[in-house]
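Student: Straight out of Swiss-Prot:
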- 37-41, Ser71, Lys104, 124-125, 216-219, 243-248: UDP-alpha-D-glucose binding site (BINDING)
- Asp126, His245: Mn(2+) binding site (BINDING)
- Gly171, Arg172, Val173, Thr174, Asn247: (2R)-3-phosphoglycerate binding site (BINDING)
Amino acid sequence: MKDNILKRSFHHSKFENIKELVKLKEKQDVKISLAFPSLNEEKTIGKEIIIMKSELMEKYPLLDEIAVIDSGSEDETVSIAKEYGAKVFYSSDILPEYGFYKGKGENLWKSLYALDGDIIVWVDSDIENIHPKFVYGLVGALLNYPEIGYVKAFYDRPIVGKSAMQPTGGGRVTELVARPLFSLFYPELSTIIQPLSGEYAGRREILEKLPFFVGYGVEIAHLIDIAEKFGSEIIAQVDLELRIHDNQPLHSLSKMAFELTKVVLKRLEKYGKLDLNTELTDKHIMIQKKENEKVLVPTEILSVERPPMITIPEYKEKFSKEEKV
């Protein structure tokens, strides 16, 4: 195994001195942006914004901007985000000439254009136990270690039931799909504890050179692309202890597993590790029970890939202008 990312694992408490992080940020003369990709998260988005804004902008000026990148929420997500002082962007309004896909990866890709930071932090908008550590833990690793370019969060993920909480068992797709595939083809990446976690941060000069799958495949593709283009040595991980959120039902996890497997197979072929000799289907076939019989339920799951943002002329023009100012 070429690398062991466990060696670059930190506990969030190592970076809890936010005053020191602000000093490092000012010394390095960098801007830091936080983005929440969202779709119908009215129950949690307000609390997330309040906590991050009050602690990491008003009390300590660690963050330069907080934004919500929305896929077209039909609830009160957008109005709540605006009320509590976040910048709000509809993903469909960012670089509209390139079209719009509904998906988390699309929001992340578009956020690179919308946000100004040299360091970008992405945090999912459905976290029930939100805490400033979800940001300063990730940012702290980047500010303290210039050789690190991309930081993933890890944590315990309990399964929340109607009447009780199982302390472990979340992250099922990681253990059943991602880790076995990494063990086979990228063993160094199998040492990432939560490779599919939705909380991570990176340096713009890394992120802008990565393609983005528009759906759930974005995280796993990032890790493979980073390992191939930059080396896994720039990846670190931070222990945030616990993340509580609504767990996905099994049929949703099945769709996610299909998409992740397809993305990994595409990457294996791209990097010459596998020759598929076949066209991968977009149709995921599930079997469900209706009344007293089993029926096939085919679902189309596209694996659309956005190019590296650095290849987009509008992006290059915007950020070359900012560099000259």
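Cβ atoms are placed via backbone N, Cα and C, with glycine included.
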Student: What is the total of other Cβ atoms whose distance to the Cβ of Tyr216 (UDP-alpha-D-glucose binding site) is within 10 Å?
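Tutor: There are 22 of them.
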Student: Calculate the distance in Å between the alpha carbons (Cα) of Gly171 ((2R)-3-phosphoglycerate binding site) and Asn40 (UDP-alpha-D-glucose binding site), and round it to a whole number.
Tutor: 22
Student: Considering the binding-site residues Asn40, Thr174, Gln248, which residue's Cβ sits among the greatest number of other Cβ atoms within 10 Å?
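Tutor: Counting every other Cβ within 10 Å of each candidate, the maximum falls on Thr174.
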Student: Filter the binding-site residues Asp126, Arg172, Val173, Thr174 down to those whose C-alpha lies within 10 angstroms of the C-alpha of Asn40 (UDP-alpha-D-glucose binding site); answer none if the list is empty.
Tutor: Asp126
Student: Calculate the distance in Å between the alpha carbons (Cα) of Glu219 (UDP-alpha-D-glucose binding site) and Thr174 ((2R)-3-phosphoglycerate binding site), and round it to a whole number.
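Tutor: Rounded to the nearest whole number, the Cα-Cα distance is 11 Å.
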Student: Restricting the comparison to the binding-site residues Asp126, Arg172, Thr174, which residue's C-alpha is spatially nearest the C-alpha of Tyr216 (UDP-alpha-D-glucose binding site)?
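Tutor: Closest recorded candidate to Tyr216 (UDP-alpha-D-glucose binding site) by Cα: Thr174.
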Student: Near Arg172 ((2R)-3-phosphoglycerate binding site), how many other Cβ atoms are within 10 Å of its Cβ?
Tutor: 16
Student: Work out the three-state DSSP category of Thr174 ((2R)-3-phosphoglycerate binding site).
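Tutor: Thr174 ((2R)-3-phosphoglycerate binding site) sits in a helix per DSSP.
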